[in-house]
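Let me begin by presenting the structure, written as C-alpha cells, before commenting on it.
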C-alpha cells in the first residue's frame, strides 16, 4: 500500500485560476510546499486531459510531489500518475486497485459516515470528507456535514481523513482537532493571486508528513 505522506491536498480547477495558466498556478503552489496534487478537470476531452496530466506529471516530478487523477484510471496509468481520486458513487476502489496495483494511491470523496466506511472496506488509502464548511464549489452536495460528523468519522475509520470544503487558515486548527490528517482544498490556493505564499501559510498550520515517517 502506498503511503499517504502529505497533509495539504491541492485539487485543481482551472476555472478558478482567474485566467492564469493552471500549470503556472500549480507550480507556485508546489514551490510553496504542496506535495500532492489532484488533477480534477472533468470537462476536458480525454486527449486534452492526458496532455495536461503528462505536463502536470513532469511538473510534480520536479518538486518530488505526488499526482493523482480524478476518476480516470486510464489517464492515471497513461500519464504515470501516483494514483487516482474516486467519487463516492464512482468506480469502486477495489476495482481501481485491481487495475492500478498496490503501489499507487487511491483516494475517495465521502460525504457521510456510511460512505467513509464503504471506502475503507473497498481498500481506499485515504478519503476526503465534506463539505465540512460552507463553500460554493461544493454546493451541489447540500448543507455542510459539519465538524461533529468529521470528528465522528475520524474516530470510526483507520485511514487518513482530509477535511474538505470551505477550508481556510481560521478553521484548520478545528479540523485537525477533530482528527483530520490534513485538509483538501481548491479555491484557497487556485484562486489566490500568490499561490506560493498561500500554500506556505496553510502548511505552517499543518503537521508535517514525510515518506520517511
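Cβ coordinates come from backbone N, Cα and C, glycine included.
As the structure is a computational prediction, the values presented were derived from the model and not from experiment.
Feature list (source: Swiss-Prot):
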type	residues	note
BINDING	38, 39, 40, 41, 42, 70, 109, 138	4-amino-2-methyl-5-(diphosphooxymethyl)pyrimidine binding site
BINDING	71	Mg(2+) binding site
Same-chain residues at least 6 apart in sequence with Cβ under 8 Å of the Cβ of residue 40 (4-amino-2-methyl-5-(diphosphooxymethyl)pyrimidine binding site), in sequence order, are 11, 12, 13, 70, 85, 186
Residue 41 (4-amino-2-methyl-5-(diphosphooxymethyl)pyrimidine binding site) to residue 71 (Mg(2+) binding site), Cα to Cα, whole Å, comes out at 10
For residue 42 (4-amino-2-methyl-5-(diphosphooxymethyl)pyrimidine binding site), the number of neighbouring Cβ atoms whose distance to its own Cβ is within 10 Å equals 10
Within 10 A of the CB of residue 70 (4-amino-2-methyl-5-(diphosphooxymethyl)pyrimidine binding site), the number of other CB atoms across every chain shown is 21
What DSSP gives for residue 71 (Mg(2+) binding site), in three states, is coil
Students should find that the Cα atoms of the residue listed as 'Mg(2+) binding site' and residue 109 (4-amino-2-methyl-5-(diphosphooxymethyl)pyrimidine binding site) sit apart, in Å rounded to an integer, by 10
